[in-house]
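Copied over from Swiss-Prot:
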ACT_SITE  ARG21  active site
ACT_SITE  ASN39  active site
DOMAIN    6-91  domain 'Acylphosphatase-like'
Amino acid sequence: MTKELCMRCYISGRVQGVWFRASAKNLAEQLMISGWARNLADGRVEVFACGKEDKLEEFYTWLQKGPLNARVDVCTRENLPWEDYITFDVL
């Protein structure tokens, strides 16, 4: 059985105004990942995501590239204990 866990990621580069959060939500829903994504005042996007470990790995790989018009310079990740979220929200 695949382990469930959460992760918090900070993504910097050209990641605001390029549909990064909406695209992340679409993929998260396809992968059955819950959590949220929000813009930060410093220009980064913060993502908190919970799901099965293999699905989170796939999601993290995507976060390192982002949608077509994005340019990801840095994507940091911190693994966290499981939290039971139901949906993936854009904040």
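Placement of Cβ uses the backbone N, Cα and C atoms for every residue, glycine included.
Within the same chain, the residues at least 6 positions away from ARG21 (active site) whose Cβ sits under 8 Å from its Cβ are ALA37, ARG38, ASN39, VAL45, VAL90, listed in sequence order. For ASN39 (active site), the Cβ neighbour count at a 10 Å cut-off comes to 16, with all displayed protein chains included. Under DSSP, the residues of the domain 'Acylphosphatase-like' (6-91) split into helix, strand and coil as follows: 22 helix, 36 strand, 28 coil.
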